[in-house]
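Enquirer: Take this structure first; my questions come after.
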């Protein structure tokens, strides 16, 4: 395979079954090799491996190349999110999602014609930014069931790292500000930084003033050895910009509904979404990679925010956040539900029954001469009939001395 790197890589390569199954029991999608070949060592002639997505590249490592393998079926995450149902309502058309990450390769077929970039982010040596952009907005391609959440959204790529994938506070803050200034309605940030509170909080506030929703991971995907504690333990946060007021902090879960056992701890996540064993595009060709981490869950939330902003264009960024949270499935970290986010009534509180107005009876109509004559005639007739009845009854009563009649 071209250009495999030797940097920081998450150990998430898994065997992908051809046959389907329940939504949360399906690890990912069936895959097919780009050219005829044997399936590698799985014992199942219908199963193979997708290459893992690198998080960072080591010094001197080549750029990430084409995968060489294509997923032919839908990813487990698409079924878990009920994506086909949500996409019947909205596909994100007219919404721009900024991707502040390692860059986005504009030549990837599933993103073709919908990627703009600034600051040199039109190339992606690592592949993480392109992978995330695919989760957000990849269009389905012939021969593959993989699709992004908002396949009609536009992507604006901005750098948040250097060309090795190493992030910096300055790059991420500048990327958020530039995205907001260029009109992005949703800003996805692929980094979780342990420093930079002041700069990143200010950048998120700037985006909020421009009515842009910032979505970021509540934990890093992996922690380099030099950033761990004396016993090898990962830091516990907070992480920025996810911890900034106005940003939406996201954590991941996998096909079994739980996070990977060795995942770095998340700091105060507000929302959870599929983020383990995720399938998306690489920086070259039409092949697919597999990756895991909170940053990939955040991409799913950013894509869903694009669906909502396209379908409800009058909502502000804070209102979109509230809708995503209110419609989420209850859990320790509420779980993203794209269809519910689109269809939720704006106000979930039942409206109070209106107090009925007092009934107003119309005033009696003034009777005219004709009505008065009819009334007098009716009363007179009733009097005559009553007198006739009495004339027949009274003599008989007197004759019996008012005793009741005897039976025959």
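Using N, Cα and C of the backbone, Cβ positions are placed for all residues, glycine too.
TrEMBL does not curate its annotations; it predicts them automatically.
These came from TrEMBL, pasted as-is:
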type	residues	note
SIGNAL	1-25	signal peptide
COMPBIAS	30-47	compositional bias 'Low complexity'
DOMAIN	92-328	domain 'Peptidase S8/S53'
ACT_SITE	101	active site, charge relay system
ACT_SITE	128	active site, charge relay system
ACT_SITE	295	active site, charge relay system
TRANSMEM	373-394	transmembrane segment
Enquirer: What is the separation, in Å, between the Cα atoms of residue 128 (active site, charge relay system) and residue 101 (active site, charge relay system)?
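Expert: Distance (Cα to Cα, whole Å): 7 Å.
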Enquirer: Express the distance between the Cα positions of residue 101 (active site, charge relay system) and residue 295 (active site, charge relay system) as a whole number of Å.
Expert: 10
Enquirer: Taking the Cβ of residue 295 (active site, charge relay system) as the reference point, list residues of the same chain whose Cβ is under 8 angstroms away and which are at least six residues distant in sequence.
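Expert: For residue 295 (active site, charge relay system), the qualifying residues are 128, 132, 190, 191, 192, 217, 220, 221, 275.
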Enquirer: Please state whether DSSP places residue 101 (active site, charge relay system) in a helix, a strand or coil.
Expert: strand
Enquirer: State the three-class DSSP label for residue 295 (active site, charge relay system), counting H, G and I as helix, E and B as strand, and everything else as coil.
Expert: helix
Enquirer: Mind looking up the mean pLDDT for the domain 'Peptidase S8/S53' (92-328) in the predicted model?
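Expert: It averages 96.
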Enquirer: Would you say which of the active-site residues 101, 128 has the most Cβ atoms within 10 Å of its own Cβ?
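Expert: Result for the most crowded candidate: 128.
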Enquirer: Give the helix, strand or coil assignment DSSP yields for residue 128 (active site, charge relay system).
Expert: helix
